[in-house]
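Undergrad: Dropping a structure here in structure tokens format, bear with me for questions.
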Amino acid sequence: EVTELYVQLAKKHGLTPTQLALGFVRDRPFMTSSIIGATSLEQLKEDLDVYALPRPLPPEVLSGVEDIFKRYKDPSTL
């Protein structure tokens, strides 16, 4: 359920779920690196394309992530 909300948010803003996740991590000031795991050239391109996205992600994307997080702070309890 929560995953689907993030997928919908990504699609709404023209992103893939991977781009949403990596873009969010990229924009956190306390994060110094992110680890990607690509098993194909297509996945690697998708991962690297994140760094061509606007920095930071648009406010409406970030507020969407925040809204979902506030509703489902601990998805392991669902």
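Each residue, glycine too, has its Cβ placed from N, Cα and C.
Any TrEMBL annotation is an automated prediction that lacks curation.
Annotations per TrEMBL:
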DOMAIN    3-66  domain 'NADP-dependent oxidoreductase'
Undergrad: Could you count the residues of the domain 'NADP-dependent oxidoreductase' (3-66) that DSSP puts in helix, in strand and in coil?
TA: 40 helix, 0 strand, 24 coil
Undergrad: Tell me, what is the mean pLDDT of the domain 'NADP-dependent oxidoreductase' (3-66)?
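TA: Looking only at the domain 'NADP-dependent oxidoreductase' (3-66), pLDDT averages out to 93.
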